[in-house]
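J.: Here it is: the structure, laid out below.
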DNA sequence: GTAGGGTTAG
């Protein structure tokens, strides 16, 4: 669509095209509205044009109506398309097809199927070769094998299987449903194939992980386009073979933003932000997907500052964010933990046109508010969810736990169990940490037992670290030490650190020394451990030991980072 | 003689 919009961006070109669309017998007002429609660039201006269509009495014009519906599709407004369609007194098949396409691209599959059945009953003509490709594409996206197969049966009854578009859509459908045999049979028996048919078949192999078949078909095909090359790059990226992906990227005759973005995504997911950044800088025309790849790349690799910087660059260029951009942004903001920033981002996301009811957007929004300490907002967002999931429960629980309301977090966990949700390994980490912060020793032990005995979850080093912290804070240092020593898995620094913190809290010098020695081995450069032990000595007035420790630190070149608190 | 609707890559 954006290509279409760009090519028609000049008013002169738009008028010329509009003139060619409408014969001299049409009214000049229909022509001028058609010109407006063609240069329409936003849903807002589409609405204004729609008002004009109604005012001028052109609502029933079939060509204008069809164009209008395809613009609704381009601006992801299927409901708007339906409302305009419902005002048509006698829609023809072409208009029906345009409406179906708008829904196939943007509505859930059941809605699209219901519309298709309506079309079959109400359209003046039976479905044609233009009807099925978008319907099948919707089935492909949902991987709805049995539904798509029945659509295939209808296609056979209508005698439309030979049409290149229909056949290609069928190949794509069977390929995405991993029915490679059916797809290949349709592909091999085609009389005329185009690059799209070849690419659909290749994508089928790629999505089922058969890189070799995809590659041999790629080599066989007579003519490739940029989509074919990009499909191969994406296939290699998804299989983790960045070297081959890079090879194809370097070899392709011309690249577009998708080529770059797939590879940027690959590098970012592999943690190679440097390579991703180089490609991003080379990319001549960045679209929202390219920005999104960099922002979420930095966010997922624990570089929230860099993510924020890229976002600001995007923001200053007035590029409209999509849901992936804002999820990346919110994730970066969660990591930074700044309430001021979170409030700005919240307002920005709320005011944008992004659908907040989408599960991953809402989850990120709750998580950000939760981690940044805006618990009222996090809780009200959570309450607004009709179907609360594990992720949102965990976000809220973690927020309460982090901000000193461990009891509220535990209450939420009980509520979650009552609702019949199955806690997973991460949920238990969160609730155990909450118990530890709230000093709920017995409850924590119970949940640890529940996790291992009833949910059969093997405790991870994180779970043990929480339990050590729980026991340690409650002063049960011996129990904590026993637990850490009885662990079937190797304890990480977090577990030992929790115990060292507990030793300081309860002034246990000898155990503290033992633990500290262990920690100096595991993470010799963490200043926090030396500081903790030094505090233990200081409380006990053992100043000679304090000064000896400081000498040791100086000897190893370790300096306490000012303002850095060790949790 | 004529408009307008369709399939593949992130």
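Note that Cβ sites are derived from N, Cα and C of the backbone, with glycine treated the same way.
Keep in mind that TrEMBL annotations are predicted by a computer and have not been checked by a curator.
Pulled these features from TrEMBL for this protein:
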- A:194-224: repeat 'PPR' (REPEAT)
- A:225-259: repeat 'PPR' (REPEAT)
- A:287-321: repeat 'PPR' (REPEAT)
- A:389-423: repeat 'PPR' (REPEAT)
- A:424-458: repeat 'PPR' (REPEAT)
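In the displayed structure, how are the listed features positioned relative to their neighbours?
T.: Over the repeat 'PPR' (A:194-224) the predicted model carries a mean pLDDT of 96.
Look at the repeat 'PPR' (A:225-259): DSSP puts its residues at 26 helix, 0 strand, 9 coil.
In the repeat 'PPR' (A:287-321), helix, strand and coil residues by DSSP number 26 helix, 0 strand, 9 coil.
Within the chain, the repeat 'PPR' (A:389-423) has long-range Cβ neighbours (under 8 A, six or more residues past its boundaries) at 359, 362-363, 366-367, 369-371, 373, 375, 378-379, 382, 430-431, 433-440, 443, 447, 451, 455.
Listed by sequence, the residues of this chain that lie at least six past the ends of the repeat 'PPR' (A:424-458) yet keep a Cβ under 8 A from its Cβ atoms are 390, 393-394, 397-398, 400-401, 404-407, 409-410, 413, 416, 466-467, 469-471, 473-474, 476.
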J.: Helix, strand, coil residue numbers for the repeat 'PPR' (A:424-458) per DSSP?
T.: 28 helix, 0 strand, 7 coil
J.: Could you give the number of helix, strand and coil residues in the repeat 'PPR' (A:389-423) as assigned by DSSP?
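T.: Residue counts for the repeat 'PPR' (A:389-423) by secondary structure: 26 helix, 0 strand, 9 coil.
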J.: Mind checking how the repeat 'PPR' (A:194-224) divides into helix, strand and coil residues in DSSP?
T.: 23 helix, 0 strand, 8 coil
